[in-house]
Amino acid sequence: MKLKLTVLLILVHASASYKPPAIEVEDYQVQEHDSIGKFVELEEHTRLILKCSAHHNGDLKYNFPSMEGNVGYDENNFKKRMEEYYDDAFGDKVLTLNDVRESDTGTYSCSSMEHSSLNDTIYVFVHRKKVFLPLKSVMIIYKQGEVMVPCKTTKFVDKSDIELYASNVLVKEASKYNYDQRYGFKITKKLYSEKQIVDVNFECRYKKEENQTATYIITEKEASSDDGYHFSWEKGFQWPHVGYNFSLTCNLNYNGSKIFHGYTNKLSIECPQCSHDPGSHVHVDRHRIIGNKISTTVRIQHLELEDSGKYTCIWEHENKETKYTDYHLYVAPKKAQIKVIETSPTIMRIKENRATSLTAKFAIYPFEKESYTAKWSRIYNSSIHEGPQSETIINDDFRKIAATSFGDGAFSENLDIKAFAVSTNMSGTYVLSISHMDTVQVVQWEVAIENDEPDVQITVREPSSFFISNQEYYKPDTNLHIECISISIPPADVVFEYKTKNSEQFQEIEPNKLVSVGGTFDRGLIYNVTFTEGMDLKCSSIRKGNRAITVNKLIKIGEGFEVRPHHEKSSKATESEPSKIIYEGDNVKLTCVFPLDSDDWSVSWRFENSKSSDISSIPTTTETEIKQYSKHLILNLRDVTTSFTGTYTCVVKNEDSEKLLETSIDVKAISKPSITGGNSNAVVIVDYDQYFEINCNMTGTPPPVYQWFKDGNPYTHGDVDGSILRVSRARGEDDGEFHCLATNRAGDKLNSIEVQVNNAPKGSLFFYWFLALLLLISIIAVFLLTCKLRASNRLTKQKDIALNTLYETMIKHQAGPLPEEMKDLPVEERTYYLPYNNDYEIDPVNLEILNPIGSGHFGVVKKGLLGMAYPKSKIESKTRLPVAVKSSTNPFNVELQKMMAEELKVMCAIPKNPNVLALIGAVTKNMRQGQLYIVTEFIDGGNLREFLQAHRNTFINELVEDEHVPVDDSYLVPNSVKKKIYKFDEKLGEGTRLLVEDPDALCTSDLLSIGLQIAKGMAWLADVPCVHRDLACRNVLITKTKIVRIADFGLSKKHTNKTYYRTKKSKDTPLPVRWMPLECIEEFKFTQKSDVWSFGICLYEIFTLGGTPYPNCDTFNVIEFIRNGNRNKQPEYCHDEIYELMKVCWQFNPKDRPTFNDCITFFENHMRDSSSQFLERVENMLHTEMQEQSKLDDWIQDSRPDVPNVSFQKSPKKQKEERYLIVESHA
């Protein structure tokens, strides 16, 4: 038994060892054809890579075609372009042929050096322009016998497209049977009718392209005396079938020059059922001699299936060797037949995204009858579904089916697959089923489509229905059917892993919990599990050492992702309102539901409608609720208006995904009830004791509630149906005026209808007494209203006098000299003594106020256009300067106007500086009518905080860790700590990254420049002196060229009252405590040193790109946090030296803090050390900005000289004035 097993193993090993090698081609489609085998087509100057692999351990070698006769072949050049080596990873012998040439066309083979019989071949076509391969010699001399006309091709062509001409005469039979793309035409005497081939011009032509020909001169040596015989079967009936009377003749022809002796030759036919008996089923005639020809015929009466087989004709000669020729007869079982003539390669291995086509040429019999039908399909095995899967192929965007008729029953079917549809999952067996009458013929192609790397997929299904859900979120105890599938040709190994929330590394799922599956183009693993906790899944596909991976996350959730709208009616709503319609004044609550399982969710709300895409444009509040497996982010919309109409999107994001959950609300505008039909005080005439109805003729939005009154009392004798009062019986008391009161949340409206009841009994005088009383009440009400209006007029007059007094004292009146004891006070604390410079006064005619661009507690800022007060030319008269126009929120509030006037006088007292917002002028003369406008520069970049936040995604960090370890290894500077240094872009040159012109770019050097500019601006204010009191990035403006302006320093004094800077825990009071030192919060003491503290906070905002100070500390705990000695941590983009400056600014004792001049010196030294050109460029830009700022006076003052030889007088302002030049602010 052991001996038998040993022998069996040896045989198995020997069988594997003697398996021939196989050639694969990289990057090109390998095709196969019945006549020439495997082949590949290339264009000239591309690269050919062949890989030869074998199962035995012997050496492999490549054999090359004979190319010496090809035009352009050079042996040395071929060797230079050719490279052979072994692939150590897989043991393959690799042949690389670079820059392939047309002359490289031919058969390449790979064989075992130990067993040369083990080999594999592939024919390589290399095409340039010519279809026929150019040869060095076109004169061919052959010996007696068959001749090859060597019209080889440089690409694979259909045989029927190549024609052979001999002396310009078409050789018709040559193309059908005797052409091979590798060698050319095989010429026999049967094909060529001339007696001898002597210096004949043969020409090969390609029918599909003009001028594609090849010409050869072929000559024949003189034939010997033994030649001249032609022995063959005569062509018989092509469609033999059961019941047909069939005959087949064998001929021997002599065309030689000698005398033919027929008696020396004998022909006979042999077959299993052959007989010389005339009555037999298969009868063979005796041979007949006619001239130089001998023939014998086999005759079969009523063909049967058993007559199929080999029929042999035997030629016997006295002086020659006996010769044989065979004819293979196939008897079809039916008359209707289909024969496949030619197909495109039936085994195909191609690359993805390369167009391909499948073609079959066939003939049908009898073709006079009904035509054929054809059906294309694809059969493949799926790793998911059991059994073979079939797909019927039709014409669509990916595949095209075409049919061609050649006549005489010959046809072709073609399936073209477009390049973008050629993917690995389209592999399989492609089947063409041809039906003709009662016969079916099937042609198959095995198509394997290789991909560069496996396509790995994780699919989650519900097991009972196999419905693909592929969601991330599932409720606990859900049964899941999870597939890890790799779509790959060649096949790849699959690994399925998982990781729970509590584990750090992925680990393989236990094999006994997995089911292995496979198909034509895919392999995979199936994991059936009951979902209990969140997990990460990883599916890996490994092929030739390369790994493709996909990861999926399954999260536990109690509720699905959704937005739930909830609608609460206004307290003013009436019971008649439709419950589902949202009206102005209602409250809406939008609840965004998302998972609790993960902590890295970022959830926010977006809002969009036709007018706005910013949710800050509408007042909202948010709150968060935590459920068992979910979180709820609730957006509260209170007292909604039509501006709330739009789409609300809850944006739920984490590192891997983003979900947009949308809902829309439509807020209907409300309108007070109004009369819509008929007239007020209409008259309705009714008959006593009869039915009548009256219509209120009023409507509103929402639909109002209707109440009816008669003689001042509610009317209770009828039924109210909407706006109609239905009365079943008219009474005498119904005579008179009815009142209808329509009420909704927008208000109410009263309408009166007079009802006249005919034939009613006379009533009492009570009604007239009631009218008299009503008239008396009306007179009293008019008297009271008159008194109230007179009181209101007195109040308005008092405000008018107060505003005029304010103007006289604050603007027009110039106070005396400043007392000595007040000279050291900040400028904002001595505003009474500050003069208002009338040179700043702007004529309202020159100022056009546009849309609002910002607002605060006390003032509102609008964009404006300023015209020149004293233009020197027509162009200047039509030029407009964009400006910012500030006014109070209530122009008739004396206290607010006083604050505005004080701010104006403070700004007048501060000289222009490129880092301080400049005053252009003001409108003060109409303060009595509420017109007090402060006109400043228009800064196009907005406030600094929003600017920094907007550039977070595009920020360029120029701060890196120093790779050099410091020498000093003290406890202050340990070697383990690496310092941060600047690394500016070397391509741009040193320091040139500063203030780049691209507004979308922001880098570390820009942050340094911004910090220096704020220090310069605050130092300028400190020299006035002026204490800002509210320095923060929100109060710093920035231009698109990254020049900053300190703003809102004029109103700072008004915040010293304790209603603004109190520390009471009230969320309704704005408290900038995150920017203030303790002495400001607790003692309300504001100095330049408190501004320095705020400057340090500003630096923190800058280097966190708009971050909030003390981010992990609640607002109400900030004071205690600071008091305990805690400070902000060092920002990521902040240099160590900058952070040291911040900490000095945050010293508890104000005396220990630096001055702003100290801060300027620090920044200049720091920037100078970082870059030799850095500081210089900043100073140059600020100098240019100062020059531009000084030109602002030209817009309101007559300080410029007239234009020479130009006389111009400003025309009166028109209602519609042409403005063809708008000058943007230099900022």
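Every residue gets a Cβ built from N, Cα and C, even glycine.
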Among Asn211, Asn1205, residue that the record in Swiss-Prot marks as N-linked glycosylation site: Asn211
Going by the ATP site in Swiss-Prot, where Ile853, Gly854, Ser855, Gly856, His857, Phe858, Gly859, Val860, Val861 are listed, which of the candidates Lys878, Lys886, Lys898 is also part of it? Lys886
Between 446-479, 616-649, 1194-1227, which stretch does Swiss-Prot give the note region 'Disordered'? 1194-1227
Per Swiss-Prot, the candidate from Asn528, Asn1057 carrying the annotation N-linked glycosylation site: Asn528
Check for me: which candidate out of Cys650, Cys696 does Swiss-Prot give as the disulfide partner of Cys592? Cys650
In Swiss-Prot, Cys52 is paired in a disulfide bond with which of Cys110, Cys151? Cys110
Counting across all protein chains shown, how many other Cβ atoms sit within 10 Å of the Cβ of Asp1030 (active site, proton acceptor)? 20
Annotated ATP contacts Ile853, Gly854, Ser855, Gly856, His857, Phe858, Gly859, Val860, Val861, Lys886, maximal Cα-Cα distance (Å, integer): 15
Have a look at the recorded positions Asn245, Asn425, Asn528, Asn697, Asp1030 and say which one has the shortest Cα distance to Ser855 (ATP binding site). Asp1030
When the number of other CB atoms within 10 A of each residue's CB is tallied over all shown chains, which of the glycosylation sites Asn245, Asn381 has the maximum? Asn381
Taking only the CA atoms, the spacing between Asn528 (N-linked glycosylation site) and Ile853 (ATP binding site), expressed in whole angstrom, is 60
At the level of the C-alpha atoms, what whole-angstrom distance separates Asp1030 (active site, proton acceptor) and Val861 (ATP binding site)? 18
What whole-number Å value do you get for the CA-CA distance of Asn245 (N-linked glycosylation site) and Val861 (ATP binding site)? 109
Of the glycosylation sites Asn381, Asn425, Asn697, the one whose Cα sits nearest to the Cα of Gly859 (ATP binding site) is Asn697
Counting other Cβ atoms within 10 Å of each Cβ, which of the glycosylation sites Asn119, Asn211, Asn425, Asn528, Asn697 scores lowest? Asn211
Local backbone state of His857 (ATP binding site), from DSSP in three classes: coil
Across the topological domain 'Cytoplasmic' (786-1227), what does the pLDDT come to on average, as a whole number? 79
In the chain carrying Ile853 (ATP binding site), residues 6 or more apart in sequence that have Cβ under 8 angstroms from it: Val861, Lys862, Lys863, Ala884
